[in-house]
Each structure stands twice: as structure tokens, then as C-alpha cells.
């Protein structure tokens with residue numbers, strides 16, 4: 001196929017997918033599925049934010065819930081202390097996250113492989129325990145948003161649709177940013193670092209500095225995801241805002257779709273979240289745990305047959321097509 | 001606006017409910033419980049109790065005729081339509097609790113929601129019910145703030161923090177250790193929402209009553225080892241040790257106290273973990289004489305509680321614990337209100353809930369009755385103290401309603 | 001006197017930490033594979049012990065080896081069925097695969113046995129003894145001693161036997177090992193089997209004094225991760241030292257500062273060690 005029509009057909013395909021993403025929630029009336037859609041957007045947002053440092057820079061953080069929690073708590077503490085609309089706390093959450101990333105990032109980013117992952121787990125767990133034991137931060141009980149919506153700024157809607165579009169909009173911004181980054185010098189450096197950090201360093205890549213940039217961008221967007229989550233839910237406690245399971249879910253969404261690719265985390269989230277919700281809706285009431293057996297088995301299955309995530313299957317397909325076309 | 005939409009949706013269902021002969025379409029009531037995750041054993045106990053409740057309501061139970069809906073079939077005021085329970089797993093996550101509440105309301109078309117279990121999850125799930133104008137009745141979450149939110153669709157049948165602290169104070173002021181009043185109290189609480197809020201309310205109430213808490217030890221419920229806490233108590237020698245724990249840590253404490261040879265003169269284990277039949281079965285033999293707070297006393301033959309417990313035991317092989325009983329009572333109150341509403345319209349059920357006036361003898365649990373205040377809190381909820389004898393709790397306080405004599409000091413494993 | 005008891009309890013708990021971390025360090029350190037299902041392996045071993053005791057009336061002298069064998073099998077099956085394939089992918093694939101496996105194991109157990117808490121009779125190994133004023137729980141003492149023997153045995157196996165050097169060779173460089181005629185797959189399967197078998201011994205011993213429930217592995221797993229990392233990946237003596245250290249620190253912190261903060265001290269210490277000695281206590285640089 002010649003280059004120009006191919007680019008055009010790709011553009012058309014992209015436009016169609018985008019249109020479908022924008023329109024489908026309007027076509028169904030079922031609020032539960034609309035809400036699942038909103039949660040997909042939210043999970044894709046945090047997994048894509050994780051992807052900046054975990055995928056592109058190859059630094060596998062399993063403590064990103066630290067930043068997510070910053071955002072969630074900033075939103076609801078702003079309400080608890082000053083009666084702000086929860087979303088107004090978001091900039092403060094981002095600020096605290098950036099500060100934390102700067103302070104703990106320096107010593108932690110020097111660690112290699114599993115040591116880095118473990119250090120991030122330890123940091124997130126530290127935050128969880130400290131918040132649990134600090135009454136002014138809501139302690140173990142957690143903090144709540146406004147019980148009754150006061151204005152539209154409280155982002156308290158009956159329909160899940162506004163959440164879908166708000167989360168989707170922020171995700172769009174993040175994807176644009178990621179796309180820009182991956183094509184900039186930074187993206188080039190990060191790929192070099194992910195491939196062979198030592199080699200990259202010897203070629204003069206300022207690895208420390210670029211890893212830190214990636215961490216900062218990642219922390220900021222993850223925090224924003226936390227703020228949006230808290231605004232929708234109106235409640236956060238140490239487990240739901242700082243629990244290790246959330247970090248793991250960001251990682252597996254990205255890993256499932258393909259870490260270090262632009263749309264991988266979105267694809268991963270679009271599979272995992274509905275899978276989780278639908279298995280729970282189907283089997284949850286039986287009280288047998290079969291929900292998680294099915295959910296876990298599907299994850300095992302994917303990792304067994306496509307260890308590189310679904311992106312790997314896609315590239316295998318492409319290679320297969322190229323072989324047969326040529 | 002959402003209310004009118006709901007009632008329109010509910011309208012077709014109403015048309016079918018005319019004569020008493022045919023049963024008609026079932027009326028769905030939703031329940032959210034933790035069926036997986038760390039609280040799964042509590043959630044599955046609630047599941048068994050709710051399934052029992054459905055069976056009792058849908059078939060005539062002359063033996064339980066004192067309780068509403070028991071002597072008849074289904075909802076007699078709505079054409080005898082049967083009750084259907086729609087159970088959902090909230091997985092211990094506030095977000096999942098909301099999703100499932102939304103699913104039950106919009107897909108399953110439940111006429112009312114119940115449950116929630118952890119206070120934080122009850123909070124988020126009931127916020128969805130409030131927005132959609134569906135009654136939400138909670139029977140087990142004790143956080144005080146749940147009924148302080150100005151919600152119009154939220155009702156709660158369980159006794160809450162202040163009720164619980166009050167009975168402990170009454171008991172502690174009357175109790176004697178070696179013929180002298182109690183002077184030194186220690187609280188050991190798990191440090192999530194349940195343990196922290198109960199410990200706080202006990203501490204505040206104790207201060208107000210001139211009994212001060214000498215020592216408070218918060219701990220994380222998932223600890224693999226609790227021996228340091230036990231040794232701390234052994235060192236401090238309090239007259240009374242109050243434990244506020246979940247099941248896993250309650251079991252560990254009982255075992256570790258034995259291993260470390262520590263027995264306080266009075267040992268109180270607050271509800272949750274200590275009430276769980278899992279605790280009684282696996283560690284009860286080493287915690288003889290532990291005092292617990294409960295609203296459910298199945299030890300009096302012939303009482304509703306006794307009969308319900310017997311039916312539950314026949315079904316599951318286990319004793320019904322207090323939390324499960326409170327959950328079941330909340331569910332039964334919901335069903336009674338639906339029947340009195342005579343309709344599946346949310347607004348009618350809400351009005352019926354507001355007008356609820358159940359007497360003690362109409363309940364399966366030891367409350368003085370059920371009557372809601374304007375915030376939706378049951379004003380007649382009450383608590384009693386029970387003590388472990390063998391593998392059964394018997395009521396020992398207040399003395400006028402007790403079935404057994406209080407035995408002190410704490411015996412533990414002897 | 002109470003302080004001595006606190007330290008002793010910490011030591012015994014630490015020995016158990018070391019025991020259930022030794023299996024993890026073998027798999028993790030030698031093959032660079034993270035096993036997120038490790039806690040659930042411990043849980044399975046606890047159920048094996050429980051069933052062997054209640055249904056087959058086997059005592060600990062039988063159910064501990066039985067658990068080791070069952071877990072050895074599980075380890076080998078998991079290696080050939082899953083791990084061998086995910087190892088081809090990035091580290092993320094291991095997280096994905098073993099996390100999924102953890103959910104399957106945990107909730108299949110819940111499905112079969114329900115969420116109820118189970119436990120073995122309390123004094124299976126005899127009554128609590130008082131020695132020089134210190135109270136000793138036989139089950140914990142046995143678990144502690146077994147932990148020491150097992151970790152030392154494992155260390156000797158790896159460093160003093162031909163099998164051990166072949167295992168290490170594969171761990172060091174898979175391709176180089178193949179060049180000298182070692183087939184890596186059976187070796188790695190063996191490493192998984194051995195690691196899981198250690199976990200099985202640990203689980204069966206823990207069952208002697210701990211409650212048993214499908215989610216029990218969750219709370220134990222995180223501490224195992226910290227122990228392995230603190231000790232240095234792949235270092236069996238490291239896991240022993242780290243386990244004992246953490247046990248004693250936890251116990252003292254709980255006693256002096258309060259149990260709510262014990263993990264704060266552990267994690268701060270852990271981070272400090274990593275930040276200043278990035279290869280762990282006894283790990284190779």
C-alpha cells in the first residue's frame with residue numbers, strides 16, 4: 001500500500017475510534033455501563049500517568065498510589081478544612097505530589113530494578129500508615145466531601161456521563177502530552193535509559209535528570225486522577241486512597257495493554273475495568289469468590305500467551321501481515 | 001426529577017399487584033455486603049441470614065407470628081407478592097459499593113437498598129441511593145456521622161457509638177475488682193475506622209463520667225504478631241482491658257494472652273471480632289468469661305432471637321453473631337416498611353419507614369423497638385452485655401433482663 | 001524481664017519471617033522473578049496442613065513434609081505452566097501473571113473452603129513452658145528452630161553441592177550455563193519447586209499457631225518482600241539476618257512506641273538501608 005493512502009486510512013480509523021469513544025455513552029441508557037465507562041477513563045488516566053515513568057522510562061513503580069492519594073486527600077481535605085469544592089484542592093494535590101516526587105525521587109531513582117519497585121512500595125505504605133495515624137488528615141476514618149451538592153463545582157452529578165467526559169478530557173490531554181513527549185528529545189532519552197541505562201549514560205544522556213522529569217510528570221497526572229476520583233466518590237480513607245492494590249492495578253492495566261506505548265494503558269483499562277465490574281455483577285452475589293477466580297484466570301491467560309501485553313499481539317499481527325503481504 | 005423517573009419505572013410493576021391469590025412478580029430488595037476480601041467471613045454470614053429472612057417472609061411461619069410478615073406469605077399488603085433478595089459484593093471498596101448500588105438501582109430495579117457493612121462503604125453507597133431517591137436502610141454501621149448528613153432516604157436501625165459507650169460506663173462504674181471500684185482502664189483498638197471511632201467514643205464518655213483511660217494501644221489489624229501489646233498490658237496491669245478488634249486479630253489476642261500468661265481481672269471484647277462465631281469456635285476455649293457487647297441474646301428459649309438463631313444454626317451449623325443479627329433486623333425492618341407502604345413506590349416506602357413503630361416483641365433482636373428520628377436514626381436501639389460461657393454468649397447486663405449471673409474475674413483458659 | 005520476653009518473641013517471629021522469605025528469595029533472587037502469589041503459596045500450605053490434620057489425622061511430623069511436597073509440585077507446575085512463558089516478556093509480565101495467579105489461588109480456596117477462619121488445636125506440640133522466667137510456646141519455638149535449620153540447609157545446598165552450583169550457574173547466566181551443558185529449564189523448575197517447598201514448610205509450621213483463612217497470605221506477603229529485599233535478593237543468609245532483625249525491631253517498637261507504628265520504623269529502616277546500601281544487607285553489589 002502506498003504511503004499517502006495508508007496515512008489517510010489510519011487517520012480515518014483514528015477519527016472513527018475517537019467518535020465511537022465520544023458517542024457510545026449517549027447511545028446507551030444504562031447508567032451502570034455509563035459509570036463503568038467513566039471508571040475506565042479514570043483507570044486509563046492513572047495507568048497512562050504511571051506509564052510515563054513505568055513504561056517509557058522503564059522504572060517500575062509499585063507505589064504510585066502515593067501520588068494518587070495526595071490528589072484524593074488534597075481534594076477532600078480542602079473541603080473538610082475550608083469548605084472548598086473538592087476539585088479546587090487538585091492544584092494543591094499536584095503541588096504536594098511534585099514536592100514529594102522531588103524529595104523521595106532523588107535517592108529512589110538511583111535504585112535498580114526490583115530494589116526501586118520495593119522502595120516505592122515502602123514509601124506508599126509509609127504514607128498509608130502515617131495518614132492512618134494522623135487525626136488531622138482524617139486518620140483511619142477517612143475524609144468526606146460535601147454530603148449534599150452545593151454548586152456545580154462540587155461535581156456531584158446523578159448521571160455518570162459528566163464524569164465520563166471530564167475524565168476522558170483529562171485523559172486526552174495526558175495522551176497528547178505523552179505523544180508529544182515520546183517524540184521529543186525526552187522520549188528519545190527515556191527509551192535509551194529503559195533499554196540500557198549504563199550505555200545511555202556513557203553516551204552522555206543525563207539519565208538522573210530525565211528520569212526525574214518523567215517521575216514529576218507522572219506524579220502530577222496521577223495526583224490529578226486522585227483528585228477526580230475523590231470528587232466523584234466524595235470519600236477517601238487510607239485503604240481506598242493509599243492502599244497497595246491501587247498501585248498494582250495501575251501497573252497491571254499498563255502491562256496488560258502494553259507498557260511504554262501510547263494507547264496500551266487505555267486498552268488495558270478498557271479490558272480490566274469492565275471485566276472486573278461485569279464478573280462482580282454476574283458472580284459477586286454468590287459469595288463464592290468466583291468473581292476473582294475468573295478475573296485472575298483471564299489475567300494469567302493473557303500474561304501466559306502475550307507476556308508483552310496486547311500491544312505485543314498487535315505487533316505480531318502486523319509482522320504476520322507484512323510477511324504475507326510481501 | 002430523578003424521583004419521578006423512578007416512580008414511572010416502578011409503575012408497571014404496580015399494576016400486577018392486585019389479588020392475593022397469585023403471587024405475582026417478586027419485589028426486589030438489594031443488599032451490599034463484603035463477600036470477598038478480608039471481611040468476607042462477615043459478609044457471607046450476613047448472606048446466609050438474609051437468605052433465611054427471605055425464606056421466612058415468603059413462607060408462612062406461625063411460630064414467629066409475633067414478628068411482622070412472618071405469619072403470611074410474601075407482602076400481604078401488596079397482593080402477596082414474594083420478596084426477592086438481590087445480593088451484591090462490595091469487595092470492601094467504597095468505589096465498588098457505589099457501582100453496585102447503582103447497578104442494583106438502575107438494572108435490578110430494587111425498591112430499597114440495605115447493608116453496606118463498613119461505615120465508609122455505607123456512606124458512599126447511600127449517597128447513590130440518596131441521589132436516585134431510593135430508601136437505604138442500614139442495620140450494622142456504627143459511625144455517628146452517617147445520620148448527620150441531612151439525607152432524606154437514609155435510615156439506620158443499629159445502636160451507635162454513644163449508646164455503646166453508655167452501657168460500658170454503666171457497667172464499669174458498678175463493677176468491682178477485689179472489692180474496690182475500677183480505677184485503671186486500658187483500651188486496645190485496631191486502628192481502622194471501626195476500632196478508632198469506638199475507642200474515641202468510649203474515651204470521651206469515660207472522661208465525662210470521671211473514669212479515665214490510663215492506656216490506649218492502637219494497632220494494625222493485619223499484624224502477624226501481637227505479643228508486644230499483650231506484654232505492654234501485662235506490664236501496666238489495668239483493672240479492665242477493652243479490646244476492639246476484627247476476627248483475625250481477636251483470635252490472635254486470645255491465643256497470645258494464653259501463651260504469655262496474661263489475664264486482666266475484667267476483659268471486654270467489643271463486638272465485631274469477638275462476636276464472630278469464627279472467634280468463638282477457634283479461640284473461645286481460651287477466652288472464657290470475656291464480656292462482649294451485643295444486641296442479640298439468643299439464650300432465652302421461646303424468644304424470637306432464640307428461634308431465629310435455631311433456624312440459622314440449622315442452615316449454617318453456626319451460631320448467629322450480633323453483627324449478622326443487626327444486619328438481618330435492618331433488612332426485616334425494610335421489608336416491613338415496604339409492606340406497610342402497600343406499594344413499591346420509593347416515596348411511599350420512605351413515608352412508611354418514617355412512620356415505623358415496631359415494639360420490642362416484634363423484633364428478632366433485643367432493641368426496645370424501632371422508631372426513627374428526623375435524621376433516620378433508630379431512637380429505641382439498645383445494647384446489652386453478654387459473657388462467654390463454653391461456646392455460647394449469655395446475657396449478664398443490665399441485670400434486670402439478664403439470663404445469667406455475671407462471673408468475675410476473667411477466667412481465660414482455665 | 002518483660003523486655004527479655006519482648007526480644008525473645010521478636011526473635012521467634014523474625015525466624016518465621018526468615019522461613020517464609022527464604023523460598024521467595026530463592027525464586028526472586030536467583031531467577032529475577034517476582035512472585036506476587038508468594039503469600040498465597042503460604043496460605044495453600046496452611047490449608048494442606050489443616051486438611052492433613054483434620055481429615056487424615058496426620059500429626060505435624062507428617063503434615064509438614066506433606067505440605068513441602070505438595071508445594072514443590074505446585075511450584076513446578078506453576079513454573080512450566082506460567083513462569084517459563086512470562087519470563088520471555090518484561091518484568092511487568094511477571095507482575096501481571098503472578099498477581100493473577102494470586103487471585104486465582106486465593107479465591108479458589110475461598111470457593112472451596114468458604115471465608116471462615118480455621119485453626120489447628122492450640123497445643124498440638126504441648127503446653128506453654130516457662131524457662132528461666134521466659135514463656136515459651138512450643139509451636140513457635142519449633143517453627144523458629146526449623147526456620148534456622150532450613151535456611152542454613154538451603155544455604156549449604158546452594159553453596160556446597162553440585163546441584164547448588166548448577167542452580168547458581170543458571171541464575172548467573174542462562175546462556176553460559178547452556179554452553180557448559182546445563183539444561184536451564186529443569187534447573188529453574190527445580191528452583192521453583194525448592195522455593196515453593198520451603199514456603200510449604202513455612203506455611204505448615206505457621207499453621208501451628210496462626211489462624212487459617214483464604215486472605216491470610218496478603219498480610220504476610222508484604223513483610224516477606226521487605227525481608228527479601230533488605231537481605232539482598234538471592235541471599236539466603238541475608239533473608240535470615242533481615243527476618244530476625246525485622247522481627248526484633250517490630251517487637252521492640254510495638255512495646256516502646258506502639259504497634260501502630262511498628263511498620264513505620266521497619267519501612268524507614270528499609271528505605272535508609274536501600275538509599276545508603278542499594279544492594280541490601282548481604283546482597284552482592
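Yeah, the Cβs are placed from backbone N, Cα and C, and that goes for glycine too.
According to TrEMBL, the protein carries these features:
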type     : residues  : note
TRANSMEM : C:6-29    : transmembrane segment
TRANSMEM : C:36-56   : transmembrane segment
TRANSMEM : C:62-83   : transmembrane segment
TRANSMEM : C:95-118  : transmembrane segment
TRANSMEM : C:138-158 : transmembrane segment
TRANSMEM : C:189-213 : transmembrane segment
TRANSMEM : C:219-243 : transmembrane segment
TRANSMEM : C:255-276 : transmembrane segment
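Here the transmembrane segment (C:62-83) sits apart from the transmembrane segment (C:219-243); fewer than 3 CB pairs are under 8 Å, leaving out pairs fewer than 6 apart in sequence. The list of residues near the transmembrane segment (C:95-118) in space but at least 6 beyond its ends in sequence, with Cβ under 8 angstroms from a Cβ of it, reads 33-37, 39-41, 43-44, 47, 50, 78, 82-83, 86, 211-215, 217-218. Long-range Cβ contacts of the transmembrane segment (C:189-213) within its own chain (Cβ-Cβ under 8 Å, at least 6 residues beyond either end) map to 16, 19-20, 22-24, 26-27, 30-31, 35, 38, 41-50, 60, 63-64, 66-76, 78-80, 83-84, 115-120, 122, 124-125, 137, 139-140, 142-143, 146-147, 150, 154, 157, 163, 167, 170-171, 220.
In terms of C-beta pairs under 8 Å, the stretch of C:6-29, C:138-158, C:219-243 lying closest in packing to the transmembrane segment (C:36-56) is C:219-243. Note on the transmembrane segment (C:6-29): residues 35, 38, 41-42, 134, 136-137, 140-141, 143-148, 150-151, 154, 171, 191-192, 194-203, 205-206, 220, 223-225, 227-228, 231-236, 238-240, 242-252, 255 of its chain, located 6 or more positions outside it, place their CB under 8 angstroms from a CB of the stretch.
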